[in-house]
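Asker: The structure that follows is given in the form of structure tokens.
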Amino acid sequence: MHKEAEMLIGPQLDEKRWGWRLGDGSAAPPFLPQALSFLLLLPLASALQPTPLPFQELRLVGGPSRCRGRLEVMHGGSWGSVCDDDWDVVDANVVCRQLGCGLALPVPRPLAFGQGRGPILLDNVECRGQEAALSECGSRGWGVHNCFHYEDVAVLCDEFLPTQPPTRKMLTSRAPPTTLPNGKSEGSVRLVGGANLCQGRVEILHSGLWGTVCDDDWGLPDAAVVCRQLGCGAAMAATTNAFFGYGTGHILLDNVHCEGGEPRLAACQSLGWGVHNCGHHEDAGALCAGLGPPTLTALPSSATREDWAWQTDPSATGVGPQPSRETALLTTAAWAAGKKSGRLRLVGGPGPCRGRVEVLHAGGWGTVCDDDWDFADARVACREAGCGPALGATGLGHFGYGRGPVLLDNVGCAGTEARLSDCFHLGWGQHNCGHHEDAGALCAGPEELGLQVQQDGSETTRVPTPRPRDGHLRLVNGAHRCEGRVELYLGQRWGTVCDDAWDLRAAGVLCRQLGCGQALAAPGEAHFGPGRGPILLDNVKCRGEESALLLCSHIRWDAHNCDHSEDASVLCQPS
């Protein structure tokens, strides 16, 4: 993972910390939800040229253990502190690894371990993440800084020691599993965050602690082992990108590779306990058939939150491909807008296609609770409102608190329903919510895609689009229009796509979407030069048959751990 040597202004995601920090205190434009506040400008400022400095010693002081405290380094026979300009969890991970203290954790602010004394020796430390020692990272140079001791860096390590060496290995043991006091044994698994015990985020027990599994290389054979270990029948889907929400605690397994016949997940190959390069935004999940009546509708072999959800409907017995009538989402194909039902509206936003979701029932309007509210639900709401495809799902009363009853809760749509009320929910008026949890939707609107809708909302026709609209894609800096850096237009700005998980399948979807034939290559690392502006997508994972890039799995809109040195590109073979 490379980090730019420039200072970023605007919201930025610290790698593996999964939280925003606002560099200039700016607020998001009023027409965008909080989840898209990262679309503020991210101009690149004062170019630093990081230079590694030779030093060997560092320590953490003022904390409860040698693995937690204020960071100090030695230079010229004296200890000094490090300024927190540009400091993030990538740098902290290098320190923790060098000290043999595991992985870095978020540090409470401010001044968790007090202010230092003496010189401030380093500023603008820039690590790439793979360094064995902090001395291999760049900085401004010894004693060059613009800081005070209230900016001293503190580091908090989890003191978790992974299995060494970090190479792919078997986790099997000839010894029988050790049973713990709670009845669970080493290597036990569970599924968390789903609708029942047979679907959810995969968690595994190691040394008495539950932890998650990273989705690198995660697939249906791996999910099959989990389902069988739990007695949950066959695997219906293997999910990625924290489909069932972010876990907490340790990430215990990465690059899991099961043949499918193993009796336990711990018997599959992996990098070893605790060895990974992931964040909880990459938590793996599984959906199993279970022992009761089937509860899933139209699930592919690898489900994505954008395309799929589940219903507790005993009549849903089939498993098959997603209906394709509305998969042409953006850019090259017109959207077939559904007829407005008159029973759903979006209010509180900048227009009729962005706002708080309200539904009509028994002659009165009410709101929808954000429990389980996600992109698939927003897709149905946008369709029912006659507003084209969804761009995002919001919660926590983002578009203001509603009035009147909360009419729907725990909505679970597959994404293909004509009306929100057709989706699974707890029942009219059944909820445990307040209006601070009102759900919302951000829709492109027919006008955003260059479409013209008849007044009854039932038909659409393609019309020219003189300027880019939200969701449009382009390839930049190539020799022709079918090769270049991938850029997406959203929130009145063009932004890039990170190359994490970017592969030929994703490139194939994009080439096909742009009418550019087959994909020849999917280079990363800013092959066509680094872009500017926000990084809009990360961890894009396509199955290959999707008709639009945004139908592929990806991390939520407001999250990435990349910089523009990792911009994704494609080379297509025009047909």
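Each Cβ is built from the backbone N, Cα and C atoms, and glycine gets one as well.
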Asker: If you check Swiss-Prot, which of Cys413, Cys443 bonds to Cys423 via a disulphide?
Answerer: Cys413
Asker: Of the listed cysteines Cys227, Cys258, Cys353, which one does Swiss-Prot record as disulfide-linked to Cys288?
Answerer: Cys227
Asker: Which candidate, Cys198, Cys214, Cys353, does Swiss-Prot give as the disulfide partner of Cys278?
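Answerer: Answer per the record: Cys214.
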Asker: In the domain 'SRCR 3' (344-444), how many residues does DSSP call helix, how many strand, and how many coil?
Answerer: 16 helix, 37 strand, 48 coil
Asker: For the domain 'SRCR 1' (58-158), DSSP counts of helix, strand and coil?
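Answerer: Summed over the domain 'SRCR 1' (58-158), the classes give 16 helix, 34 strand, 51 coil.
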Asker: With Cys369 (disulfide bond) as the reference Cα, tell me which of the disulfide-bonded residues Cys147, Cys413, Cys511 is the closest one.
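Answerer: For Cys369 (disulfide bond), the spatially nearest of the disulfide-bonded residues is Cys413.
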Asker: Going by DSSP, give the three-state secondary structure for Cys227 (disulfide bond).
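Answerer: DSSP call for Cys227 (disulfide bond): helix.
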Asker: When a 10 Å sphere is centred on the Cβ of Cys552 (disulfide bond), how many other Cβ atoms does it contain?
Answerer: 23
Asker: If you measure from the Cα of Cys127 (disulfide bond), which of the disulfide-bonded residues Cys288, Cys423, Cys443, Cys511 is the nearest?
Answerer: Cys511
